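Per TrEMBL, ATP binding site is recorded for Gly105, Glu106, Ser107, Gly108, Ala109, Gly110, Lys111, Thr112. The domain 'Myosin motor' feature in TrEMBL is assigned to 12-688. What TrEMBL lists as domain 'TH1' is 830-1004. What TrEMBL lists as region 'Actin-binding' is 565-587.
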Amino acid sequence: MEASLTARDRVGIQDFVLLDAYTSESAFLDNLRKRFHENLIYTYIGTLLVSVNPYKELDIYSKKQMDTYMGVNFFELPPHIYALADNVFRTMQSEFNNHFILISGESGAGKTEASKKILQFYAVSCPSTKLLNNVRDRLLLSNPVLEAFGNAKTLKNDNSSRFGKYMDIQFDHQGGAVGGHILSYLLEKSRVVHQNHGERNFHIFYQLVEGGEEDLLRWLGLERNCQHYSYLVQGGCAKVSSINDKSDWRMVQKALSVIEFNESDIEHLFGIIASVLHLGNIKFVADVRGYASLNNNQEMHWLLGIPAQVLQQGLTHRKIEAKAEEVFSPFSVDHAVYARDALAKAIYGRTFNWLVNKINESLANKDSSRKTVIGLLDIYGFEVFNVNSFEQFCINYCNEKLQQLFIQLTLKSEQEEYEMEGIEWEPVPYFNNKIICDLVEEKHRGIISLLDEECLRPGEATDLTLLEKMEETIGGHPHFVTHKLADQKTRKTLERGDFRLLHYAGEVTYCVVGFLDKNNDLLYRNGKEVMRQSKNAIIKHCFPSTEPDSKRRPETVVTQFKSSLVGLTEILMSKEPWYVRCIKPNEAKQPGRFDDVLVRHQVKYLGLMEHLRVRRAGFAYRRKYDIFLQRYKPLCPDTWPNWKGTAAEGVRCLIKHLGYKPDEYKMGRSKIFIRHPRTLFATEDAFQVCKHKLATRIQAKYKGYRVKGDYQKQRDAATKIENCWRGIMARKEREKRAWAVKVIKKFIKGFITRNQPACNDNSEYLAYVRQNYLTRLRENLPKTVLEKDSWLTPPPIMKEVGDMFLTPAVYSRKSLVLKAQTSSMFKGKKENYPFSVCRPFVDTRIGAEDINIKVLQMIQHEHIKYSVPVVKYDRNGFRPRLRQLIFTQEAAYLVEEAKIKQRIDYISLKGVSVSNLSDNFLILHVTCDDIKQKGDLVLQCDYLFEALTKLSVIANKQNYIKVVQGSVRFDIQPGREGFVDFKSGQESMVYRAKNGHLMVVSVKIIKGSC
């Protein structure tokens, strides 16, 4: 409750005890309305729960919600029926005593749903074993069975309980539900034979007719049409949109099997329901003497296996015993109808009692050890209709007794708490409804006694003679008035057959017509004898042959009800009480609509204002010291953050700091009592301000802690990265130095051995010398070969080469120009270029004598410029084949012995691709417009640099030669393409990869090794 005090302006007060204007009915209604419109249907009055029916599904009954309320302090969370159920359960376990929850309210207020929610909560929250689960399932599924047989549609509620129900749930010492027991009160049997317009009979009749299987209906002699049965059509609403009889029928069948009804029991049970319907269809006509006789015998066949003749006599004659002689007196038609209806009511009423007892057998706990109990009392609320009859009189009398008990127990619990805490008890003024209870139940003078006397006295007793007797006996009572006794103004509101009682909840006018008949509820003796001849096992059990056929009249209905109320009161007085008051917000069952007049009336007759006055008579708020201190200790520097002493001392220190006045509070033995809500609200408001400040400080501290933690993590990560990076750089530096040492050593060794024959020690040094000399020579070439003095002096190792340069036949300026062109195309781009520098170029690699004569004849007119052996790789499959590549003035030819395999005009040559690695592959890209033309050429040439330089000069395609990395795409033919992938490896390889590409692997050449 404290957790939501700050939301009081928007959603109202969660506990009416904290309402400032607690004596104002308007303030009470305003708070209830405000919460209802926010879908907050639950509100407390102390530990009493007020529940307003929302008439719509709310997402507040999930398993998650149940878990939220389990084991939580009652006022810690917003009001909820789960909070009440959990508090009752935990109190029962801790104190090991018995409790009951009284659920009351008028029809349609949600009493049955409230009891279901409590049962569902216990089903989930209690310990679970296979045995306990069986008990749990039976407890839960007893509801749909009892609803089917005891609930009906009324004008106010489509699922109105037409009987009172008290259910005991038994728990073992561990809190497991181990059993249960149900008591039923005052089943409205008259509904079986009569329904007001807009109402229905009990649900089970419609469920059987609408949902029963065809074979079952055929066996019972029923048709799938409610309109064919007299007992089902009097209300004129056999079908209701909000009720699914077929679905409910399936649920009832499932429930009966779980509760362990055997097939025979179920067959006999539904046989009785069908028999009641058939009984209602029996019609009587008057014979010539005016006596009743059956109009048709068609329905007799289906009535419980009773011989038709026996049943016919039982319905049309009354058995009278005169001394030793038995005489059968024939009925008039009216008496026969009365006897038929009385029999139908008796059959259904006794069957309902058998059903309750059968369920109790299933729920019975076989363990004799002591059990604690939580009782659920779901009983009729105060009823006020346009026409109020005997049933309303009994129901309202029941509510008067429960209100009397309610006030007594509330006052008692308040007084006991004050005494326990050592606080002086101040008498509380309240309306004592004992005067009304005495008016109804007082011996010899009460309405019940007068009603019984009139039922039992000889002579012609009628409802009007009962009214006259009441006027004579209790006419002067301030809470009783009739048409005869009323003043002129009041008399206009009363009929001659009415009497009015001023109940604690307000005035109710009763129509006396039918009181005597309903109170008598007579079943003629021979009617019982007829039932004993039934073949139905349940009927035999309900009408046992051992039942005494006393000539004395049985107890009247109202006397039986009074006795059962006394028994119920004794049961409740022996247990600790908890209350749920259910309120109906409007008559139309519409969500979101709050009818002030209707709700005000219910607040009055539920005694909510009375209860609130009792709770507020002394102190509005009370809490245990430890709970109060735990919440409000931040308001005092001495108690925050931790109080070292006792909780009572801490609270005393806290309220001293807050400045409470002596008349605003009292210190009990274990609780603090606060008199006025405003004192608590001021404390709560101060706490909210303090809480925000504390939250800000905690947030700042936490954010600082998080930022500091993040900074430390980042710093540690940076240090680790630095260490790793330094390690990597140090290792690289070490490798570089090791490499440098190795190179320097090799260079020194090469320099020392430079004049010796080439070997491993000086090969690299000599290569360097050659390269360096040739590079310098390229920049300083003489203008003519004949200028011998202009040539750079070669190193000793290049002496022979120098002489070659000076020999015109060997090296010409033209050759050196080609070398220079090769350098411009490949230097720094292709790994194995340095190895080509020292190899002189020649005019051709294949002499004319090595070219097939046929080929020479075909191409000699084009003048052969250069030829070289190559390996050609097939476009499909990449099979290697030896070929000759011949460059003429106009085209390049690929030749196989005497065949020209492919001619490539220089104008159709799009480009040449080579890799940047040390392989000798080249790809010639040609224009290929016709599908019959051959595509690009993939070739391998040992004299790659020489051949490409020659090609670039002959075809004038210097810029067409591209050095690429990775892969080269080539055209196999128009629309089809292939790929050559290049990479470095330990050894040179050429193969077809799994992806279909030609893979060329070449050995990587380290810089400086050539």
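Every residue gets a Cβ built from N, Cα and C, even glycine.
On the structure: features taken from TrEMBL.
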| residue | record | contacts (Cβ under 8 Å, 6+ apart) |
| --- | --- | --- |
| Gly105 | ATP binding site | Ser51, Lys111, Gly381, Arg581, Cys582, Ile583, Lys584, Gln602, Leu606 |
| Glu106 | ATP binding site | Lys156, Gly381, Phe382, Glu383, Cys582, Lys584, Gln602 |
| Ser107 | ATP binding site | Thr154, Lys156, Asn157, Ser160, Ser161, Tyr380, Gly381, Glu383 |
| Gly108 | ATP binding site | Asn53, Lys156, Asn157, Ser160, Lys584, Lys589 |
| Ala109 | ATP binding site | Ser51, Asn53, Gly381, Cys582, Ile583, Lys584, Gln602 |
| Gly110 | ATP binding site | Ser51, Asn53, Cys582, Lys584 |
| Thr112 | ATP binding site | Asn143, Glu147, Asn151, Asn159, Ser161, Asp378 |
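Report note: the ATP site is defined by Gly105, Glu106, Ser107, Gly108, Ala109, Gly110, Lys111, Thr112, and the residues of the same chain whose CB lies within 8 Å of the CB centroid of those residues, excluding them, are Asn53, Asn157, Ser160, Gly381, Cys582, Lys584. Taken residue by residue, the region 'Actin-binding' (565-587) breaks down under DSSP into 9 helix, 8 strand, 6 coil. Lys111 (ATP binding site) has a Cβ environment of 27 other Cβ atoms inside 10 Å. Mean model confidence of the domain 'TH1' (830-1004) amounts to 88 (pLDDT, 0 to 100 scale).
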